[in-house]
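Read the structure below first, then the notes.
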Amino acid sequence: MSFHLYSSPSSLLHDPHPLCNLLSAHPKSTPRSFLSTYNPNSPPFHSRNLLQTSHVSLQESLPHETQIEKPKLDANPPGPTPKRYAWVNPNSPRASQLRRKSYDSRYSSLIKLAESLDACPPNEADVSYELTKFGSNLFEQDAVVTLNNMTNPETAPLVLNHLLGTLEPTREVILYNVTMKVFRKSKDLERSEKLFDEMLQRGVKPDNATFTTLISCARQCGLPKRAVEWFEKMPSFGCEPDNVTLATMIDAYGRAGNVEMALSLYDRARTEKWRIDPVTFSTLIRIYGYSGNYDGCLNIYEEMKSLGVKPNLVIYNRLLDSMGKAKRPWQATIIHKDLISNGFEPNWSTYAALIRAYGRARYGDDALVIYRQMKGKGMELTVILYNTLLSMCADIGYVDEAFEIFQDMKSSGTCDPDSWTFSSLVTVYSCCGRVSEAEAALREMREAGFEPTLFVLTSLIQCYGKAKQVDDVVRTFEQVLELGIEPDDRFCGCLLNVMTQTPKEEIGKLIGCVEKAKPKLGRVVKMLIEEESCEEGVFKKEASELIDSIGSDVNKAYLNCLIDLCVNLNKLEKACEILQLGLEYDIYSGLQSKSATQWSLHLKSLSLGAALTALHVWMNDLSEAALVSGEEFPPLLGINTGHGKHKYSDKGLAAVFESHLKELDAPFHEAPDKVGWFLTTSVAAKAWLESRRLSGEVSA
């Protein structure tokens, strides 16, 4: 009778020498067969099932090598012992004890044999000696158990060859399969594939178990493409993969880069209700994460929970990483709480994913909490994690925290600051105008062997601009040219921003820098500052050409700075012209909105000068609508400044606007239930606009 490994339960072969016989009443009886199921993918403990008897016979004799008082399974038993026979009630406790005693003894002997073969030198003589010591009563199923419990890939093939030559097994493929399992334990795909070729040369046909072992070995070796190759060979050998194998191939195809096939198999798995392991779910989350389908990641997570599959720590970490890339820190927080509530202890990868998620989203306080938890647990950070934290601090103005992190990094002894580290540090100090600290960071950067990048020099120019050190701005600009670095749009934008902070009498020093860095910008600035007389439409033409020459990521910043410069120079007409140009290019979109109940002005994304200019234009539009056209106002009018403050300033747009509206004696008041909104009624607005018109006529 034949049997199969890695497949559905089947009976073991009939063997002329059974592993053990129970007590019987008749000395002349035929050997019985043993029915069992064996799965070489199971842990070694479960391979004991191979030896477990399926029934008790009362007609079988006790072999010479098995005694009632003291079973002996050694190859060389002591002198002849007279046969003894005793009837034992199969339902009695004693029968069960005797079966277990015989089984445990046999299994223990085979385990010891496997250990001896693992430990012996990898040569035929020593392997043969160890097997000969066991005696001539080593049966085919014994050979399977022995190989299944071995771990030495050097001696396993020698054991296989010896057994194939001495046992004449009825199913050679099973011995090959369990030998391949030894190679899988040691992640040796090359030996497994070599053994497969040897099988074919000997005329042994591989079965499903052969391919599943090779596929799982390739997966464990981190070779998903090889796993796919072996999977796709199965039909040519007449093997049909079962659902378990198909489910594992979702992972293999995903890792091999064949996303379409992986997702196709997953759709089939859901329809046919295959059992999918956590590793495969982890791969699916990775697939969706790499493709940017972050909702897909969350859907997989929810499907896991609905199917009763418990996520492991790898899956939680992968989800956290995906939410970090998606810039969804709130969802990372939820997943982190799930992880804790399900009894998992966050590891280094968990904390690293959280720092990346919070750092990218600029959730400063949350990121610093995780950072301190890592330090409290003695975990080391990488340069990338330190730089993520420092970059976050630079963006949100956490100056003292950045210095603390930088000092910790230097004293860690495990990683040294790199160019990006110093860039972030210089940026932190530059954005708040700490000149001496920024210059010290730059010196330390050079001492560490790093030349300043354009990003660093841009930050330094910003620092000098905040400190009103115009000569140092010019000196740094000349340094950029000497280093052969070509100024980019952001660098030129920084120069323009510095001009908005520079006293009028010193702006001339910067015009030359702007002209050298970006001639189109230089012409527009020169027309604003030097009050050059020009034909109508020339300024708009030059400004339009400038907008066309810069990227969409900086065009709003350029226009904001140009309008701020106009406001500083008291050139409101030019400021309105630039604002109108921004509206035509759709750079400023949605500034005004109208509904049946409220007309609104939205200023959240504007600089102070641009916001004041937009307010001036809106006031004129309201006056035109109410006092000239006779248009009825809705019940409410509102100005939305937003409620945030600048990262390096204690004041936001709302605070500045509140003061400005009071200066104008405007009837707008901050709404108590809507932060960042200033509201007024239509009646109050009309009365104020009328008073402005009258005062204008009087002054005229």
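The backbone N, Cα and C atoms fix where each Cβ goes, glycine too.
Here the structure is a predicted model, which means the values were calculated and not measured.
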TrEMBL feature region 'Disordered', matched against 32-61, 62-91, maps to 62-91
Tell me, roughly as an integer, the mean pLDDT over the repeat 'PPR' (172-206).
93
Can you name the far-off residues of the same chain, 6+ from the ends of the repeat 'PPR' (242-276), with a Cβ under 8 Å from a Cβ of it?
7, 208, 211-212, 215-216, 218-219, 224-225, 227-228, 231, 282-284, 286-287, 291, 303, 307, 309
Chain residues in Cβ proximity to the repeat 'PPR' (277-311) (below 8 Å; excluding those fewer than six residues from its ends, i.e. six or more beyond):
247-248, 250-251, 254-255, 259, 262-263, 266, 270, 318-319, 321-323, 325-326, 328, 331, 335, 342
Other same-chain positions with a Cβ less than 8 Å from the repeat 'PPR' (382-416) and lying at least 6 residues past its termini are 352, 355-356, 358-360, 362, 364, 367-368, 371, 375, 424-425, 427-429, 431-432, 434, 448, 647-648
Surrounding residues of the repeat 'PPR' (172-206) on its own chain - C-beta under 8 Å, 6+ positions past either end
3-6, 40-41, 143-144, 147-148, 150-153, 156-157, 159-160, 163-164, 213-214, 216-218, 220-221, 223, 226, 237-239
Restricting to the same chain and to residues at least six past its boundaries, which positions have a Cβ under 8 Å from a Cβ of the repeat 'PPR' (347-381)?
313, 316-317, 320-321, 323-325, 327-329, 332-333, 336, 339, 388-389, 391-393, 395-396, 398, 401, 405, 408-409, 412, 414-415
